[in-house]
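For Asn172, Glu238, the entry in Swiss-Prot reads Mn(2+) binding site. Taken from Swiss-Prot, the feature prenylated FMN binding site applies to Ile175, Tyr176, Arg177, Arg189, Trp190, Leu191, Arg194, Gly195. The active site, proton donor feature in Swiss-Prot is assigned to Asp287.
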Amino acid sequence: MKYRDLREFLNLLEQQGELVRVKQEIDPYLEMAEIADRTLRKAGPAILFENPKGYQMPVLCNLFGTPKRVALGMGQENTQALRELGKLLAFLKEPEPPKGFKELLGQLPQWKQILNMPSKTRDNAACQQIVIEGDAVNLYDLPIMHCHEEDIAPLITWGLTITQGPHKKRQNLGIYRQQLIAKNKLIMRWLSHRGGALDFQEWKATYPDKPFPVSVAIGADPATILAAVTPIPDTLPEYAFAGLLRGHKTEVIKSISNQLDVPASAEIVLEGYIDVNETALEGPYGDHTGYYNEQEYFPVFTVTHITMRKDAIYHSTYTGRPPDEPAVLGEALNEVFIPILQKQFPEIVDFYLPPEGCSYRLAVVTIKKQYAGHAKRVMMGVWSFLRQFMYTKFVIVCDDDINARNWKDVIWAITTRCDPSRDTTLIENTPIDYLDFASPIAGLGSKMGIDATNKWNGETIREWGKPITKNQQVVQHIDELWDQLGL
């Protein structure tokens with residue numbers, strides 16, 4: 001499924017019955033979030049609210065509300081194909097030189113895909129058809145959703161934030177929520193380890209008296225949005241990876257007020273700066289954990305320009321107790337993670353992030369165990385190999401006879417193969433999601449690893465239990481009789 005911008009993608013979704021246009025007047029205050037939540041929970045379509053109460057601009061919600069639509073957005077036909085995408089990312093993360101001509105030929109499809117990666121800069125673009133600047137800038141003209149009753153203010157949720165460190169050639173793309181506090185001001189809530197925050201810290205150290213340039217794209221094409229949340233190698237620009245997903249180069253254009261590249265087809269672009277000394281108290285907001293989070297000070301983004309397409313579409317979402325869009329994204333990207341992990345740890349059979357674990361807080365791993373202590377090595381590998389799992393609080397490791405995606409299997413393994421004292425690993429003072437109020441200190445908490453594998457010599461001195469198996473001849477015979485038994 002190939003497309004060039006968000007509108008073309010929406011047309012394709014509509015043709016497949018994956019998009020519904022709502023013509024009734026719907027309020028961005030609470031009503032849109034309620035409709036989107038109900039729709040997502042029944043795996044319903046993307047929604048285009050064509051008549052937002054009090055606004056002229058339509059609002060797009062639930063775009064990535066099913067794993068299938070995430071896969072389509074990444075240029076794949078289904079979630080199974082995301083495994084192949086993960087293999088390509090594993091190849092890009094650690095490319096190995098071919099061992100011979102035959103292997104070189106086998107790698108040609110991968111290198112052909114890589115040719116689509118560099119972005120293409122345009123001189124003019126749809127995202128700058130309308131330009132608003134200076135005193136005319138008014139963020140209250142945008143139909144920014146207010147998702148939960150106790151949220152402090154409307155919140156931009158799908159803004160693609162573009163930044164660049166003072167000593168870096170690569171520009172960073174990230175998704176950070178932004179609280180509306182004035183007609184030209186937003187609070188930029190980014191965690192300290194995220195790319196935008198790192199760029200900002202480097203800028204502050206280099207230019208302590210100069211404003212930090214920022215651009216935010218709303219309504220970019222799905223490949224570019226998803227590139228910003230995918231575990232790509234640090235050396236690979238998100239625009240380049242988006243080109244790979246899309247099958248043709250990402251088209252960008254320079255921002256009007258700074259040198260940052262923005263998606264040429266974006267619906268809306270906010271341009272401006274962060275004063276290195278200006279912060280504001282952010283929140284509380286209902287978030288993906290299902291709770292309202294604490295308040296904290298974050299940098300203030302001052303918007304100097306708004307550019308947009310004619311008849312622009314505002315792209316939004318809500319977050320709440322799973323399932324929500326972040327949980328669905330995590331479920332789909334789970335398939336991308338597996339080949340990347342297997343590249344480093346070939347013994348991994350499956351890796352699963354249960355959606356009810358708030359996308360990433362708990363992982364279940366199944367392995368082909370090869371030696372005593374193997375499960376602990378895998379735990380450490382999961383926590384350290386990809387930055388995405390820095391905040392994973394619980395890692396459960398099972399043997400490959402356990403289905404990682406079946407809680408009945410996993411609970412059976414924990415209760416029959418695990419001794420709490422011997423098989424539980426606790427690590428203190430590790431990075432934890434700032435939103436995790438269960439941690440004793442904001443941003444710092446503990447992790448637990450559970451070894452639910454069969455124990456080898458050196459791990460136990462007892463005779464290990466032998467699993468019960470059925471006599472297959474008897475099973476086959478009863479299968480043949482079953483319809484006659486009246487049961």
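Just so it is clear, glycine is given a Cβ too, placed from its N, Cα and C backbone atoms.
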Same chain, 6+ residues apart, C-beta under 8 Å of the C-beta of Asp287 (active site, proton donor), given in sequence order: Asn293, Thr319, Gly320, Leu435
Residue among binding-site residues Tyr176, Trp190 with least C-beta crowding, 10 angstrom cut-off: Trp190
Spatial neighbours of Asn172 (Mn(2+) binding site), counting only the binding-site residues Arg189, Trp190, Leu191, Gly195 and Cα distances within 10 Å: Gly195
Largest tally of Cβ atoms lying within 10 Å of a Cβ, found at which of the binding-site residues Arg177, Arg194: Arg177
Between Trp190 (prenylated FMN binding site) and Glu238 (Mn(2+) binding site), the C-alpha gap once rounded to whole angstrom: 18
Chain-internal residues, separated by at least six, CB under 8 A from Gly195 (prenylated FMN binding site): Thr163, Asn172, Leu173, Gly174
Tyr176 (prenylated FMN binding site) to Glu238 (Mn(2+) binding site) - Cα separation in whole Å: 15
Set of same-chain residues at least 6 away whose C-beta sits under 8 angstroms from Ile175 (prenylated FMN binding site): Trp158, Gly159, Leu160, Thr161, Ile225, Ala228, Val229
